[in-house]
Amino acid sequence: MTDRGAEEPSSRTVSSDGDGQEDRWSLHQRLAIRELVDTEVSYLHMLQLCASDIRSRLHQLPRRDLDVLFSNIDDIIKVNSRFLHDLQEAASKGEEQVHLIGNLFLEFREDLERVYKVYCASYNQALLLVETYQKEPELQQEIQEVIEAVRITKYPLLLQKILENTLPDASAYPVLQRATSALQDVNANINEYKRRKEVASKYNKVEQLTLRERLARINTHTLSKKTTRLSQLLKQEAGLVPRTEDKEFDDLEERFHWVSLCVTELKSNVAVYLDNLEAFLRFRPQDYDLDTPGGPVVQYCSLAGDLQLQAFPEFKQRLEGLVWQPLCNLARTLAGPQNLIKKRLDKLLDYERVEEKLLEAGSVTYEEEQARHTYQALNSLLVAELPQFNQLTMQWLGQILRTFVALQGDLAKQVLQRAESSMAQLPHHQVSEPAFRKLLEEALGQASNQLRSFQENFEKVLPPPTIHPLLPGAERQVQALLSRYGPGKLYQVTSNINGAGTMDLTLLRGQIVALLQNKDTRGNSSRWLVDTGGHRGYVPAGKLELYHVATLEEQPSRQVGSHDNSPRCLTPEPAPAPVSSVPAVTQVVAAYPFVARSSHEVSLQAGQLVLVLEAQDKKGNPEWSLVEVNGQRGYVPSGFLARAPSPAPWGWSLPS
């Protein structure tokens with residue numbers, strides 16, 4: 001009895017101590033939950049204050065700074081408002097509140113990560129704003145308050161505090177553990193996303209640098225990196241090292257390039273459309289006096305003037321604002337991802353080289369480790385965001401196309417409304433649309449047949465050959481070409497030709513050449529290979545026409561003073577005799593340019609006065625003449641010289 005009585009107070013004491021400890025845990029747990037709810041209420045109130053009052057007071061800041069500072073704060077307010085409502089409801093459930101709070105955090109995990117990773121990604125840029133506005137303390141203080149409105153990092157600490165005051169054998173303990181771990185993972189994911197965005201912002205800038213500025217940035221370090229990358233690329237092309245395959249990224253990149261091509265093509269087509277519309281608005285046929293007494297023509301001019309003054313200019317203005325400008329903005333947004341994709345290729349080469357070194361040596365330097373992380377960050381960011389970017393771009397592009405179609409429809413309706421009163425006075429206004437379409441097709445078909453018939457008749461009638469006068473002293477050259485190639489191969493130059501290439505000839509108007517081939521080595525039929533009797537080369541085919549050689553039967557019809565009314569063929573008159581027949585020491589004219597090829601020869605320019613000293617060379621060959629030009633003596637081809645032209649027109653035999 002005595003022992004049992006002594007034990008009873010002892011057991012009551014232990015039981016009393018256990019109940020007291022459990023009460024303390026329960027008290028601290030309730031206080032931690034109360035702290036979570038109260039701080040959440042204060043935080044949401046601060047967010048609403050930033051979004052309304054502070055944002056309105058900072059309206060004088062540039063739009064870009066406001067976007068960086070407030071980011072997606074409205075989305076955060078929506079998510080945290082729903083979270084606070086459910087949190088307060090869970091906190092009022094008594095014994096179940098801890099279990100409900102743990103499940104609540106697990107339920108809101110994805111939403112919290114989605115909104116806070118965007119908000120935290122601009123945190124460093126927001127800090128720069130504090131330094132930018134340091135000369136304005138009031139603005140700086142308000143900006144600082146907005147920057148501090150980040151609560152996601154405090155959730156794991158608050159959950160940990162509740163967990164520490166929850167008995168390990170309680171049913172809510174595992175749920176709180178999972179919730180705490182989940183919120184820690186959320187913060188880790190947000191930090192990783194923030195790091196990726198910082199890497200992307202570094203390489204996302206599209207700088208327009210001059211060649212001098214680019215050269216100024218080249219140093220030993222950049223040359224070494226580029227050389228290493230080129231070496232890695234060449235090894236891959238040669239099959240010496242394997243190439244990293246990323247099917248997921250390759251598919252995304254291919255789709256991005258396809259989307260970019262669609263945007264570029266549409267922008268080009270809309271630009272051409274606007275140019276044609278501008279040209280159409282400049283052409284105003286209704287302003288011309290058509291000298292018509294009235295009727296449909298006058299009615300049409302009035303309608304056309306009304307449309308060009310109001311309907312079409314308004315359509316052009318809306319087209320530029322609702323289609324062209326959004327399309328240009330969309331094209332500019334493509335520059336950032338394009339630059340990131342290019343940078344990813346450079347970083348991939350660095351990554352592959354570091355991986356090879358890591359396998360061989362087992363360790364890498366700090367800089368090489370940073371190169372690995374940079375590639376991983378860029379690749380992860382592109383794989384995560386390119387699908388969304390491609391989807392948004394296609395939606396944007398589709399909206400632009402729908403707007404363009406809607407504008408076209410509005411223009412058609414407006415034109416029909418304005419033309420409704422005028423259409424009654426136009427011919428065929430009572431004809432149904434199918435009948436009018438058939439009538440129009442018949443009229444167009446009839447006009448097309450008339451045009452085709454005229455074309456066929458026009459092609460059957462060949463124009464008379466146009467004969468240009470021969471150059472002085474060219475008879476011997478023509479006879480040589482005629483005897484060698486025949487009359488069907490001789491062509492006459494219709495205008496002066498200045499050769500630009502090494503194989504191109506420089507010819508004068510009226511010169512005779514022989515056709516060797518009616519195309520060049522590339523198969524271009526607009527350049528013909530010809531022979532001048534001394535040189536061969538290419539000339540434009542459009543500046544040659546077939547030379548008409550007069551027969552003996554045609555000679556009487558070319559005599560001056562003939563009054564015969566029969567058809568006559570104008571052919572060049574025989575030019576003056578060549579210089580070889582002129583006496584020594586005679587002043588003549590250079591008919592063609594000549595370039596001296598040795599010290600015994602002298603150069604000539606076409607039209608230059610030349611003094612003939614001897615009409616043959618030392619061996620008695622009349623094809624070369626000794627001349628004096630500008631005080632220099634030397635030999636020139638006799639065929640390149642002609643007597644000075646007489647005042648009377650030469651080279652033509654005109655009917656009297």
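Cβ atoms here come from the backbone N, Cα and C positions, even for glycine.
Taken from TrEMBL as is:
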type     : residues : note
REGION   : 1-22     : region 'Disordered'
COMPBIAS : 1-10     : compositional bias 'Basic and acidic residues'
DOMAIN   : 28-193   : domain 'DH'
DOMAIN   : 234-435  : domain 'BAR'
DOMAIN   : 486-549  : domain 'SH3'
REGION   : 556-575  : region 'Disordered'
DOMAIN   : 583-646  : domain 'SH3'
Stretch of maximal Cβ-Cβ contact with the domain 'SH3' (583-646) [cut-off: under 8 Å; candidates 28-193, 234-435, 486-549]: 486-549
DSSP-derived helix, strand and coil totals, residue by residue, for the domain 'SH3' (583-646): 3 helix, 29 strand, 32 coil
For the domain 'SH3' (486-549), residues assigned helix / strand / coil by DSSP: 6 helix, 26 strand, 32 coil
Confidence summary for the domain 'BAR' (234-435), mean pLDDT rounded: 82
